[in-house]
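A.B. asks: I'd like to ask some things about the structure below.
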């Protein structure tokens, strides 16, 4: 694990272990407060209550196996092979209980994949996505928030709106970054209420949804609800706006617009953190507004899935404080549409993993990265024949191409152009990966390769954002989807 044997912080693995130590040994009222027993500068809890409860459950099991793993103070930086096996097992169990079943059931329920073979192929590609494998099991985190969000999508696809709302509330109360997906959930359900009529069934559904959300949040926050200061402290830990714009750590090279612009303009040195917050909010809001309006006015399951991608990507590119691994919040919704646009989905998933290369190298995950990327590409090539699906029709751009009229001749060579760009992109990612791993940077430019990776990835993501918004706004299949929703 990255940081192993390297005090004082020991890495993200230690963060998860330390949260188990804190939640087990301290009363709930001290979990988010700085005390002599809970130094918030040393991996203080900064996720919502559900993460803390999960850490507590893991801590009870750890206590039964070996009390030294979670002993207060003395367990700091604890490392042993049995404990690593335990921690890896907890991630694997979370995968088995929450994430993997959601993926399998989702793929089995797809209308477009009626054959079992196609459903299994789709599930295989999603489960082999390298980004999630490398982060969950290498960088070390739990897949529960993404798993709950997938359950929410699955429930909504079966018109189980209340269960879907509960599932997404659980996701949001496990990690606050699920806000990336919140607007599509809200707009889709609100659009369904409007469609049913706010003077009849729509109003009843809206009241039920509101009650479900309030009840779900109340259940998660109940132990903190007796004290306003407790709630405010948790919120301060979840949203530390004083850190400033661009990234959760000043040393990170994130493939979003603010980090890329910082190569030319040091925004942090020009405006205050409060102004940065307002700026990022305004740009983020404007970038996701078209997709949200379209989804509210014309709610459809297909539009909902594409809006999840578009809105999450807008948040990643423009929002306040972003971590490299936050791109997973975009990648997982992309996995959900890999059966509809296999070429673009595969391309995005490869770029999303590549964008985390500086983090993966820091974590010592070069070999797993080099093994999983080609394997994933090979599986997608074999399963979907992606290079044969680059026409305007295959890329869901038929309606957009018809709207251009005078430029129709250009679209005849569109598949060849797209394939050429894809191969150029793969080559560029391969070269930068090799340079980052094997060539020492110039002394005058020590961050040359990480910055190059983040800027190249950011340019890809900006083009993907334009593409997904075009698909959403020129959705030729929306009328069919609306009938299914009705």
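Glycine residues also receive a Cβ, built from the backbone N, Cα and C atoms like all the rest.
Automated prediction, rather than curation, is the source of TrEMBL annotations.
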A.B. asks: Any idea which of 402-420, 421-439 is down as transmembrane segment in TrEMBL?
C.D. replies: 421-439
A.B. asks: Among the residue ranges 179-201, 202-224, 225-247, 248-270, I'd like the one that TrEMBL describes as transmembrane segment.
C.D. replies: 202-224
A.B. asks: TrEMBL tags one of 271-298, 327-354 as transmembrane segment - which one?
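C.D. replies: Comparing 271-298, 327-354 with TrEMBL, transmembrane segment matches 327-354.
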A.B. asks: Could you check whether the transmembrane segment (148-172) and the transmembrane segment (202-224) come into contact, where contact means at least 3 Cβ pairs under 8 Å with the two residues of each pair 6 or more apart in sequence?
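C.D. replies: Result for the transmembrane segment (148-172) with the transmembrane segment (202-224) is yes.
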A.B. asks: Could you check whether the transmembrane segment (366-387) packs against the transmembrane segment (119-136) - three or more CB pairs closer than 8 Å, residues at least 6 apart in sequence?
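C.D. replies: Checked: the transmembrane segment (366-387) vs the transmembrane segment (119-136), in contact.
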A.B. asks: In the same chain, who gets a Cβ under 8 Å from the transmembrane segment (421-439) while lying at least 6 residues past its ends?
C.D. replies: 343, 347, 350-351, 354, 357-358, 361, 366, 369-370, 377, 387, 390, 449-450, 452-453, 456, 460
A.B. asks: Looking only at residues six or more beyond either end of the transmembrane segment (327-354), which have a C-beta under 8 A from one in the stretch?
C.D. replies: 103, 106-107, 110, 112-113, 118, 122, 125-126, 129-132, 134-135, 146, 149-150, 153, 177-178, 180-181, 255, 302, 305-306, 308-309, 312-313, 315-316, 369, 372-373, 376-377, 380, 383-384, 386-387, 389-390, 394-396, 418, 422, 425-426, 429, 432-433, 453, 457, 460-461, 464, 467, 471
A.B. asks: For the transmembrane segment (451-474), which stretch among 85-107, 119-136, 303-320 has the most Cβ pairs under 8 A?
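C.D. replies: The listed stretch sharing the most Cβ pairs with the transmembrane segment (451-474) is 303-320.
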